[in-house]
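Novice: Encoded as structure tokens, here's the structure I'll be asking about.
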Amino acid sequence: MPIAMGLETACELECAALGALLREPREAERTLLLDCRPFLAFCRSHVRAARPVPWNALLRRRARGTPAAALACLLPDRALRARLGRGELARAVVLDESSASVAELPPDGPAHLLLAALQHEMRGGPTTVCFLRGGFKSFQTYCPDLCSEAPAQALPPAGAENSNSDPRVPIYDQGGPVEILPYLYLGSCNHSSDLQGLQACGITAVLNVSASCPNHFEGLFHYKSIPVEDNQMVEISAWFQEAISFIDSVKNSGGRVLVHCQAGISRSATICLAYLIQSHRVRLDEAFDFVKQRRGVISPNFSFMGQLLQLETQVLCH
């Protein structure tokens, strides 16, 4: 089968073959699956074992450098790159949305550049570099049980009609906390006081982004407080790294964290947006759209949005 120029040795893997590998625990552990679709598409649904590949205009420019530099941009996890370098993985599989073969990949797109970088860096080693034929769209058709679906939106946008809503309850308190990522939830102070709701979500830790909301269940959950007010004078960015480290610590321990403020609209939403920007290297507008799809009432104040834009610049231009 013809292969795109520069990718002559890339093998093409069928969806059924990948599904069989992922169903074998030993083979699944030795398979690195790299999803080159946009971040929002990945979060809506993805192969459970896959890792998202960051991509934006700046990374596009940097990925055109040396293969090692391209791989560092597209696979920023140093520990994972080290595992590849030591030959600990049997295969690295790259996928996009629906390309039928390597020959269809745009030369300046993330899948093509990542395949080329992997081939160069893995040459002569035990790791096979593969492209998934038909991409995620085909794999989801063949192996839906191996794919993860995004949770349904739990809270409608402000002003939206909802026949099940209680007019006595503020819209920001209706429903329950919303899942942003499998280990990251966003909600209000009222949600943080609902023990049954927290347990139903599997929450193990709470990040309280307020100076006034109490920590209701100190003996049951791991709490961290960021005592800031929701006003234009607050430098919430001073807390970004501390908050991100806390969320990552909960993630790494296998737990789930609820981030909340009084209404779950401005302060806690800002922290969740900062986490997405830094951890997933996405633009603010992408992160904002993603979170708003899940919690329609979010609206960080003007100053907080400016601080998030500064973070975006620092992260994406680093």
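From the backbone N, Cα and C atoms, a Cβ is placed for every residue, glycine too.
Quick paste of what Swiss-Prot says about this protein:
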type     : residues : note
ACT_SITE : Cys261   : active site, phosphocysteine intermediate
DOMAIN   : 27-148   : domain 'Rhodanese'
DOMAIN   : 176-317  : domain 'Tyrosine-protein phosphatase'
Novice: Helix, strand or coil at Cys261 (active site, phosphocysteine intermediate), per DSSP?
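Specialist: It is coil.
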Novice: What does the DSSP secondary structure composition of the domain 'Tyrosine-protein phosphatase' (176-317) look like, as residue counts for helix, strand and coil?
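Specialist: Its residues divide into 68 helix, 21 strand, 53 coil.
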Novice: Run through the Cβ atoms and count how many others sit within 10 Å of the one on Cys261 (active site, phosphocysteine intermediate).
Specialist: 28
Novice: For the domain 'Rhodanese' (27-148), what are the DSSP-based totals of helix, strand and coil residues?
Specialist: 58 helix, 23 strand, 41 coil
